[in-house]
C-alpha cells in the first residue's frame with residue numbers, strides 16, 4: 001500500500017548548532033519542506049542571531065528542498081525594536097519560555113516579567129509575528145503545569161485579539177479543550193511522542209515500557225501524562241478544524257546527556273525526526289484516520305502561519321521495519337520498536 005501526501009511541515013523542531021546540527025538536520029530536511037526552528041539551544045534572542053543560525057542550517061541541507069523558519073526567544077531584554085528588527089531579518093515567530101521549565105529556559109521569563117511584555121506583544125501584533133508558548137507554569141506541580149499556565153496565556157489572547165498564538169506541544173486534555181474554546185487566532189501543536197506515550201511508558205510499565213525500568217529516552221517536557229490525555233490529543237490531531245497541527249519537538253541529545261551517570265541527571269528531549277512521518281502514518285492508521293494525516297502534517301499549520309501549501313510530495317509505503325537502536329550516535333524515538341509504515345521517497349516538484 002502506498003500513501004502519497006503533500007510535502008509536510010514541522011512547526012516545532014530543535015536543530016541545535018555546530019556538529020550536532022550537521023548530524024541531525026538531514027533527518028528533518030529529508031521529510032519536511034519547512035520547519036520552525038526553536039530558539040533555546042543555542043539561545044537565539046535577536047534577528048541577526050536567527051539569520052546566522054539560518055545560514056548555518058543551510059550549509060547542511062539543500063535550500064532548494066528545505067526552508068528553515070526562524071524564531072527568537074523573548075527575554076526581559078526584548079523590546080518592540082527587537083521585534084521590528086527580527087521581522088526585517090525574516091523571523092516568523094517569537095517564543096515564550098517560562099523560566100526554568102525546560103532545556104535552555106534559564107533566560108526565559110518569570111510570570112512577573114511576562115506581565116510586563118505588553119509593548120512587545122503589541123509590536124508582534126502590528127507586524128504579524130506569531131507568538132509561540134511553552135505552556136507550562138514554572139515551579140512545583142509539574143503534572144499540572146500546563147493547566148496552571150493556561151489562564152496566563154488567556155490574558156494575552158484577550159488583550160491582543162489580532163495576535164496569532166500557538167500553544168506548543170499540548171500534553172493534556174485540558175490544553176486541547178482550551179485551544180478549542182479560544183478564538184481562531186489561537187492554535188496548538190501536537191508532537192509525535194505525545195500521541196504514543198503515557199507516564200507509564202516513561203516509568204517502564206506501559207505499552208512501550210521495558211521491564212519496569214525508567215526510560216530516559218521517553219523523558220521530555222512537557223512530560224507525558226495519562227492515557228485520557230493521550231486519547232484527547234489523538235482526537236485533536238485527526239479533527240479537521242485546522243486548530244491543531246504537527247510540531248514534532250524533535251530534540252536530540254547525545255547519549256551521555258540522556259544517561260549522565262556522573263551528574264545523576266537526564267536531559268529532557270526526544271529525537272523523533274528520523275521516525276516522524278513513519279510513526280505518524282502508523283498511528284493515524286491505528287486511528288482509522290489516514291485520510292486526515294495530510295491535513296495534520298501538510299495543511300493546517302501552513303494555513304495558520306499564512307504560508308502557501310507545499311508543492312512537492314512525500315511517499316509513504318506500508319512495510320514493517322524496526323527502528324534502529326541508534327541514529328547518528330543518538331537514540332531515536334521508538335528505538336527497537338516495529339513500525340508498519342516507512343518513508344519511501346520525496347518528490348520536490
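Backbone N, Cα and C define each Cβ position, glycine as well.
Owing to the predicted nature of the structure, the values given are computational and were not obtained by experimental measurement.
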According to TrEMBL, 134, 169 bind Zn(2+) 2; so which of 87, 95, 207 is the extra one listed there? 95
Cross-ref TrEMBL: Zn(2+) 1 site 12, 14, 95; candidate in list 229, 249, 256 matching that site is 249
Looking at TrEMBL, 14, 15, 16, 134, 253, 268 are annotated for substrate. Which of 40, 288 sits in that same site? 40
Fewest other C-beta atoms within 10 angstroms, as judged across 15, 268, which are the binding-site residues: 268
Name, in the order they occur in the sequence, the residues of the same chain whose CB lies under 8 A from the CB of residue 16 (substrate binding site) and which sit 6 or more residues away. 24, 41, 42, 252
Please give me the CB contact count at 10 A for residue 253 (substrate binding site), counting all chains in the structure. 25
Nearest to residue 95 (Zn(2+) 1 binding site) by Cα distance: which of the binding-site residues 134, 169, 253, 268 is it? 134
Rounded inter-Cα distance in Å - residue 249 (Zn(2+) 1 binding site), residue 169 (Zn(2+) 2 binding site): 7
Students should find that the Cα atoms of residue 134 (substrate binding site) and residue 169 (Zn(2+) 2 binding site) sit apart, in Å rounded to an integer, by 8
